Structure formats: structure tokens, C-alpha cells
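Report on the following structure.
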């Protein structure tokens with residue numbers, strides 16, 4: 001063996017923008033994903049797990065126009081004698097891989113193809129507070145179904161997911177349609193693509209700058225919060241009016257909203273078609289019991305209007321949280337999606353209709369925590385302490401019994417010399433109970449059980465009387481180990 | 001918007017050595033992993049999900065001694081103005097990240113730290129048949145527990161996992177100990193490190209070449225199957241004898257094996273210590289009910305002896321399968337592990353005892369399929385067909401009812417014109433039933449239900465009488481939709 005040069009010690013650090021997830025962070029996410037997968041499955045969607053690595057070519061969006069295409073994605077070139085290896089990259093979402101999978105396997109997949117996918121995606125972006133370069137997505141998409149019945153189904157699916165995870169009565173799914181906006185642009189007589197794009201970009205800011213802000217930006221321009229002057233699109237007030245009418249057309253009822261939209265698109269055929277689609281979606285959903293208190297036509301939803309080609313959806317949570325500055329605000333968006341009919345075309349030349357939704361897993365987990373719906377369980381293991389090292393086999397037999405009864409349990413496997421450390425360990429693990437047996441107990445066929453749940457409660461707020469009455473440690477025969485620990489877990493104490 | 005140059009169409013292909021997983025492939029894996037996680041949890045292990053991306057520095061093993069350290073791992077350099085960005089890489093296993101996590105967070109983690117992890121890992125290796133560059137691992141490790149009680153616990157855990165997934169009575173966990181081998185080398189009087197390494201490498205081939213092969217390789221050398229001559233270590237027959245004695249010391253009983261090992265290590269103190277450890281492991285396991293028919297001391301287990309520092313374990317499945325050439329052979333190994341006390345030292349300078357096991361997820365899934373234990377369920381959705389496009393809301397209401405009753409169901413969302421295509425789709429999805437309603441049915445408040453399970457059975461092997469007697473399609477009132485579909489799913493047909 002060749003001598004190894006002495007290396008400096010490596011740093012034990014996650015790369016910048018990455019993090020580790022521990023214990024309940026991992027299990028509550030997987031429990032939530034399992035619930036979502038259950039709903040997706042019930043709707044007839046099939047699981048798909050594509051590889052984390054794709055060719056840069058297949059991912060598209062980030063085609064290598066420079067030697068090193070690592071803007072936005074983590075990419076590398078395969079080793080190859082001639083330096084001509086493929087460029088590979090980590091997927092940045094679950095939609096681009098779906099397009100590749102569908103194009104690759106379309107002859108073997110059913111049409112329509114309903115698929116769901118959940119897993120990490122990676123973005124090579126500057127990390128920020130709470131923004132990580134690896135995060136989970138959880139998508140459901142229907143490929144090959146042109147009818148808006150597919151879009152309506154995605155909305156119903158999303159509502160059922162939010163009900164399933166425990167957010168019933170606390171969400172609103174808002175639906176808009178890119179075709180209506182196209183109709184508005186047509187009604188305005190905008191022909192120049194650059195000007196259309198400018199209007200689209202402006203509409204995208206509606207969430208931030210509101211109606212008056214959009215008016216200014218469509219016209220002469222606007223002084224933004226930082227004091228910088230943002231040039232406007234240069235439309236007259238009359239020209240801008242249909243856009244404003246579109247954005248503010250939400251009425252008291254679905255009928256009223258649809259009437260307002262009909263007016264906004266004027267004589268545009270594509271616009272009228274878009275309004276008819278929204279009406280059909282609302283009708284289909286109403287027939288399944290989803291009324292406007294859960295899924296509503298709302299043209300003020302603009303996120304993604306530039307990307308999607310038909311209906312667009314966004315799920316918002318309606319309860320208030322307190323932001324980092326102590327101000328109340330609505331929790332906001334947890335999922336979004338829509339119809340994108342051109343995605344597969346890149347590969348095959350044929351347009352394939354597709355519609356789907358992506359759930360922001362971390363946002364949804366945060367929402368569950370904020371709404372108090374995240375299960376807060378004391379689920380630490382029962383710790384069997386070690387008083388006599390030579391009796392290890394007997395301690396192990398105790399945990400084996402507990403585990404066989406389905407109770408989470410372990411023997412203390414650190415250095416048993418300092419008994420205090422063993423109880424500190426049990427505390428750190430959130431243990432509900434500690435089992436104690438020394439030579440006296442072994443001789444008498446007994447064990448001690450320390451009720452750590454009760455102990456913690458007593459330590460917090462019990463009177464001296466209560467303390468005396470319900471000692472948090474008690475003795476019992478060895479043979480009653482499982483039964484008495486079950487009592488403690490059930491809160492029945494001694 | 002700038003004009004985009006016309007690009008050639010991208011290829012819709014997974015990168016070489018990667019693959020996609022569909023439907024049941026995904027769900028049976030996640031069901032198996034959930035079962036394993038349940039056992040790990042019951043044993044007191046905590047979930048850990050580290051990031052898929054690590055610094056090459058932290059991963060170790062593959063330190064960048066060349067500009068492009070992509071041998072074995074997928075690695076890339078972070079973009080950085082000066083070209084001095086960190087080298088990052090995808091993790092190649094779950095143990096190296098554990099070492100990094102433990103070193104990084106050791107002050108916040110309990111000691112001992114029991115953790116489990118499951119997820120994909122990536123290897124930049126030449127792909128081959130059945131060998132992929134992304135695959136799942138599923139590990140449990142205990143860090144900070146020096147006692148062999150921790151090793152025994154890992155063996156018990158592994159046995160319980162194999163029982164839980166349904167392989168009870170079909171596995172054997174074999175345990176060896178690197179310290180015993182060290183004792184043997186000491187007893188042989190081998191002092192030269194190069195010679196020790198040569199002996200270790202030879203022992204590693206015991207699985208392939210057997211006792212006589214190892215004898216030849218320890219001595220003068222050996223003609224291998226390809227006709228090439230492999231140089232031997234050059235030991236005399238007498239010198240080689242303790243190694244052979246070690247490898248073949250498995251006796252009829254654990255006592256006999258331990259006695260044989262005791263003889264093989266002679267006067268070596270470290271060897272005697274290793275034998276004592278094996279005895280303690282056997283005793284601890286016996287106290288919990290794990291006898292030699294499930295976990296056995298077996299010094300012929302050599303895999304990993306070079307890597308581990310103490311006890312080594314390997315789980316084998318004992319049932320026979322037929323290999324690709326039609327010959328019967330044992331299924332073989334599905335999991336392995338052992339004690340590795342130096343892993344964290346790279347980061348901190350302090351040795352931290354650790355022991356653990358890694359389960360080969362894909363091997364275990366293949367084993368479950370081979371043993372017939374994989375659940376083969378017809379779990380396609382009930383398909384509500386579309387006869388009248390204008391009635392879509394009513395069809396959607398039907399699936400909504402079915403889903404609310406917990407039945408997997410969907411409306412056919414493809415082009416409904418060709419009804420035959422709808423039934424072909426149902427067939428392709430493995431649907432248990434199709435629901436059919438045209439204008440006649442709607443007028444009469446009825447539906448037709450096609451029992452596709454029964455239909456398939458009849459098509460296969462029914463007599464004409466049976467066919468007549470139990471038609472696979474029947475009519476019922478619309479109000480009985482859910483109840484009658486439930487009948488079909490329960491195999492009660494009409």
C-alpha cells in the first residue's frame with residue numbers, strides 16, 4: 001500500500017445552501033407525503049420516480065450555450081476520452097423530467113397518462129434565509145387529456161389533498177385562464193409581440209403593486225418603493241382598461257365574474273372560449289360538491305399566467321400567521337399549477353396536452369405547523385438503563401419484550417458508569433419512561449419504572465400533595481414490565 | 001423577446017446507467033421502506049435525511065488529487081469568479097454523510113446516536129445489466145456506543161426487519177469479527193504491513209475460490225479460471241495454516257465454533273478479545289430469543305473484513321432461485337454491516353465508535369418478488385367511461401362518489417369518440433370495473449357495470465354455460481353505484 005500524504009482535516013459542513021433534516025422533520029414530511037400519495041392514487045394517478053440526474057439536453061430550459069452550463073442547475077460533464085462527454089444535471093423540478101419520460105415511453109404508457117411524483121429537486125441559486133438549494137416537490141399531472149375536465153379534476157384533487165392533510169375550511173383554490181388574458185390582449189388590438197410580453201410581465205406584478213400600480217406600469221411608469229423609476233409600457237388609459245377590467249373582474253358570484261370576463265374580452269373568439277372553459281370547470285366542480293367557498297374563479301390570480309397555456313390554479317391558505325416583524329398576514333400560496341400544452345413538443349414535434357399541479361412540500365409542512373395541525377407527539381423510546389454491566393443480556397431481553405409488544409424501546413448503550421447521564425440521555429430523547437434494575441431488583445425479581453411524562457408534569461406545576469400522592473417512580477414485578485410500561489404510555493401512571 | 005435559434009430536437013433519454021421507476025415499482029419500494037422504518041423506529045433509531053450533495057472534501061474517499069475528481073462519484077466545481085469554487089459531489093453511500101453529520105452536529109445529538117437513513121445514492125461507475133448509477137440504500141447505525149451490545153442490537157434489528165418484510169424462516173445472519181482475524185495474523189507472526197494486506201486481500205477471495213484456492217493464493221499462487229497465473233503471498237503451508245483454521249472454524253454449535261477460533265488465534269490477546277466479543281454477541285442474542293438458526297457465528301463471512309474494525313455481519317437469504325442459466329442457486333446476500341470505529345476521526349481527530357448495517361433495497365425487493373412475498377394486487381382504478389360528452393359533470397359526480405367511498409376511480413379523459421379505446425384503456429390500467437352510462441341509462445336513472453375481473457377470468461377459461469350464467473356486465477340503478485362496484489371489488493360480481 002502506498003503511503004498516504006498527511007491531509008489537513010476536512011471540514012464537517014454541509015455545502016452552502018444545503019441542510020440536514022433530523023427525526024420528526026423527516027418523519028412528518030414522509031407521513032404528509034404518504035397522505036398525499038394516497039389521494040393521488042385514489043384519483044387514478046400512478047407513481048413515477050424518474051432519476052435525479054438528467055441530460056442537460058433533455059432538461060431543456062438551461063441548454064448549454066456556454067462551456068459550463070451551471071446557471072440555475074447543478075451540471076457537470078461526463079468524463080470521456082475526447083472531452084465530448086454528455087452534460088448531465090440534477091433535475092430542477094418534476095415537470096421537465098415528466099416531459100422527457102412521456103416522450104421516451106409514450107408507446108408503453110396509457111393515454112391519458114395520470115402520474116404523480118414526489119422527491120427532491122435541486123436549484124443552483126444563491127441560498128437565502130429559509131431558501132435551500134435542495135427541496136421537495138410533490139406533483140400530479142395528466143398528460144394527453146385535452147378536455148378541461150382534466151383541469152377540473154386537478155382542482156378537485158388539490159382540494160381533497162388539503163382536506164386530507166387537515167386543512168379543511170382553511171384554503172381557497174383560485175382559478176384563472178390564460179386564454180381569457182389572450183382574449184383581452186386581442187381585444188386591445190395589441191399585435192406587437194414585444195408589447196404583449198411587456199403587458200404580461202406587468203400583469204405578473206399585480207400581486208405586489210395592486211391595481212393602481214398596474215395602471216401606472218401599463219401607462220407612463222412608476223416610482224417603486226426603492227425610489228427607482230420603472231418605465232411603463234406606454235399604453236393610453238383607454239388601452240389599458242381591458243387589462244384592468246380582467247384583473248378586477250372577480251364578482252360576488254361565479255356568474256358575475258364570468259359576465260365581467262365576457263365583457264373584458266369583447267369580441268375576441270379566443271377570449272370567449274377561455275370564459276367558456278372557466279364556466280365548464282366551475283360546473284364540473286359544482287357537480288362534485290366543490291363550491292366557490294373552496295374552488296373559485298378568480299382572475300386576479302396571475303402567477304404562472306405567462307408560463308401556462310390554459311387554466312391556471314393556485315391554492316392559498318386563508319388563516320393568518322404572524323410574520324417575522326410581528327404583523328398578521330395570510331399564510332398564502334402552498335400549491336400552483338395549470339395547463340401547459342407544449343411541453344412534450346420539444347422532443348417529439350407533436351403538441352401533447354397536459355395539466356397538473358405542484359405542491360410546495362416545505363410550505364405545506366410549515367402551514368401545518370403554523371395551523372397547529374402538525375402532530376406533536378412525544379415519541380421518544382422507553383430507555384432501559386444499565387446498572388449492572390454484566391446483566392446486559394437481561395436488559396436486552398427487557399427491550400426485546402417491549403419491542404415485541406410494539407413499544408419503542410432501547411437499552412442505554414453509552415458508558416453506564418454515571419447513572420445521571422443515563423437519565424439525561426432519556427430526557428434528551430424525550431423518553432416517556434425509564435426502566436431501572438440493579439442487583440437488589442434482580443434478586444427480588446422486580447424492576448423500577450420511572451414515569452418521565454408524569455415526572456415532567458409534576459416538576460412543572462404539581463403541589464407537594466400531588467407529588468406525594470403520585471410518585472413518578474414505582475416498583476413492580478419483572479413479569480409486569482410490558483403491562484406497566486403500557487400503563488405509563490396510556491397516561492395511567494402507577 | 002430575442003429570436004431563439006432553431007435547435008435540433010433533444011433526445012428523450014435517461015442518461016446512461018439511469019432508469020425510471022413506474023407505478024408498482026415505486027409503491028412496493030416505498031411500502032417496504034415504510035415497514036423497515038417502522039422496525040428501525042421501534043428500536044429507538046431516529047430518522048436522518050442529509051442532503052444528496054456533499055463537498056468532495058467531506059466525502060473523503062475520493063479526494064480531488066486531480067483537477068476533475070469524478071472517478072467513482074459525480075462531482076463538479078461550484079461556479080466562482082476566481083475558479084476556486086468548492087468541489088461538490090453526489091453522495092455515494094449513507095455512511096460517509098453520517099460521519100460528516102455526526103462530526104458537524106455532535107454537540108446537539110444524543111450519545112449514543114442511533115440513526116436510520118434511506119434514500120438514493122449515486123455511483124459514477126460503468127453501468128452494466130441490472131447495475132444502475134442511482135440506487136437506494138437503507139441504513140441503521142449507532143454512533144458512540146463502544147460495547148458489543150450495540151453490534152448485537154444491530155443483528156437483532158436486521159433479523160426483525162427481515163421478519164417484518166415477510167422473510168421469516170428464509171434468512172440467516174452470519175457474524176464474524178475482524179479482531180479475531182487480527183489475532184490470527186498476530187499468531188502467524190506477520191509483521192510486514194504489505195504482507196498483512198496481501199493476506200487480507202486473499203481472504204476476501206474465500207467466497208469465490210474456496211479453501212483450496214485460498215491455500216494456493218497464500219502459498220505459491222494459482223491458475224485462475226481465465227488461465228492467468230495469480231502470484232501467491234509466498235507463505236509456507238505451516239504459516240498459512242492459522243488463516244485456513246480461522247476460515248473453516250465454523251463448528252456444529254456456537255461453542256464448537258468459538259473453541260475452534262480460540263485455537264486459531266493461539267496466544268494472541270487481541271484475538272482472544274475478538275473471540276470473547278463473539279461469545280458475548282451470541283449470549284446477548286440468545287437472551288432475546290435469537291438462536292443460531294437465525295443469527296450464527298460464522299468465520300467464513302469475509303466480506304468487509306478489510307473495512308470494518310470489529311464485528312462484521314451479513315444477512316443471506318437461504319431459499320433457492322434459478323439463475324439466468326436455469327441453474328438453482330441460493331439467493332445470497334441482502335444486507336451487511338459491522339463496526340467501524342475510525343470514521344468520524346477524519347473530521348475531529350477523535351475516534352468515535354460506530355456500528356451499523358446497510359440493506360440493499362433493490363436486492364431485497366428482488367428477493368421478495370422471487371419468494372412470492374411481493375404483494376401482487378390488481379389495483380387499477382375503476383374507469384367511468386364517457387358515452388355522452390355533454391354529461392361530463394354527471395360522470396365526474398360518479399367518480400367523486402366512488403372516491404369518497406375510498407374506491408380508486410377516474411373518468412376517461414381521452415377522446416371519448418371511440419368507445420373501444422375506452423375499454424382498451426381500462427384494460428391497460430388493470431381496472432377491476434368499468435361504469436357505462438349512455439342516454440338510455442341516464443333517462444332511466446340506471447348505469448351498466450362491467451366486471452372486468454370476472455370478464456378476464458371468463459375470457460380465459462369459462463365454459464359457455466358459466467358465461468351465460470354470470471354475465472360480466474349488468475345493469476343497476478344509478479343510486480347503487482358505490483354498493484355494486486364494492487360487490488365487484490369484493491369478487492361478489494352481480
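Residue numbers in this text run from 1 along the chain shown.
Keep in mind that glycine also has a Cβ here, set from the backbone N, Cα and C atoms.
A quick note: this is a predicted structure, and the numbers were derived from the prediction, not measured.
Among the candidates B:106, B:123, B:327, B:329, the residue that TrEMBL annotates alongside B:93, B:94, B:95, B:137, B:141, B:303, B:307, B:308 as binding L-histidine is B:123. Cβ contacts within 10 Å of residue B:137 (L-histidine binding site), excluding its own Cβ and spanning all protein chains shown: 19.
Counting every protein chain shown, 18 other Cβ atoms lie within 10 Å of the Cβ of residue B:303 (L-histidine binding site). Its Cβ placed at the centre, residue B:95 (L-histidine binding site) has 20 other Cβ atoms within 10 Å. Residues B:93, B:94, B:95, B:123, B:137, B:141, B:303, B:307, B:308, recorded as contacting L-histidine, have a largest CA-CA distance of 21 Å. Of all the binding-site residues given, namely B:93, B:308, the one with the smallest number of surrounding CB atoms inside 10 A is B:93.
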